[in-house]
Amino acid sequence: MDALTRLHRSLVGGDDDEDPPEDSILADTEGLCSLSPLQRIYAFAACLVAGLALMILSFIVFVRPIKFAVMFTFGNILAVGSTAFVMGPQKQIRMMFDPVRLYATAIYVGCVVLALIFALWIHDKLLTLIAIICEICALFWYSLSYIPFARRMVSDLMVKLCDTEL
């Protein structure tokens, strides 16, 4: 029985005389999306390059903040999502919602959504730029969570730089 048939039967209920459905629907995606290691590296590189290209090209339309926000945000999503090809989407999501990264992930995803809402529906340039700046900061803080003690070092550096007492 192919994976799509099992998925359909698990959603609508199947006959008892056939194979029982697996524990989760996500387990079926591994069989559907199995890529060789070389294909995963190619897909990772393609998504990363496309994301970085969109982010760099977005600066050409910087004077049009709405177009800039849309291009930059989709480029950012492509670049972050490219790592799902290397480690798999389930592990990527588990790592994103790890307690160490939970707040940074929530702020990043929230800023991405806000930037797109401000750009596409509200058409407010100032709010869009503020959301983009917050998105960049959240992504930077999220990325630091993968480097041991990086967050602590950056926090200590910022305290020392911003300390007004002599």
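For all residues, glycine too, the Cβ spot is worked out from N, Cα and C.
What TrEMBL says about this one:
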TRANSMEM  41-62  transmembrane segment
TRANSMEM  68-88  transmembrane segment
TRANSMEM  100-122  transmembrane segment
TRANSMEM  128-149  transmembrane segment
Candidate ranges 41-62, 68-88, 100-122 - greatest C-beta contact count to the transmembrane segment (128-149) (under 8 angstroms)
100-122
With a Cβ cut-off under 8 Å, give me the same-chain residues at least six positions beyond the ends of the transmembrane segment (100-122) that come close to it.
65-66, 69-70, 73, 76-77, 128, 131-132, 134-135, 138-139, 141-142, 145
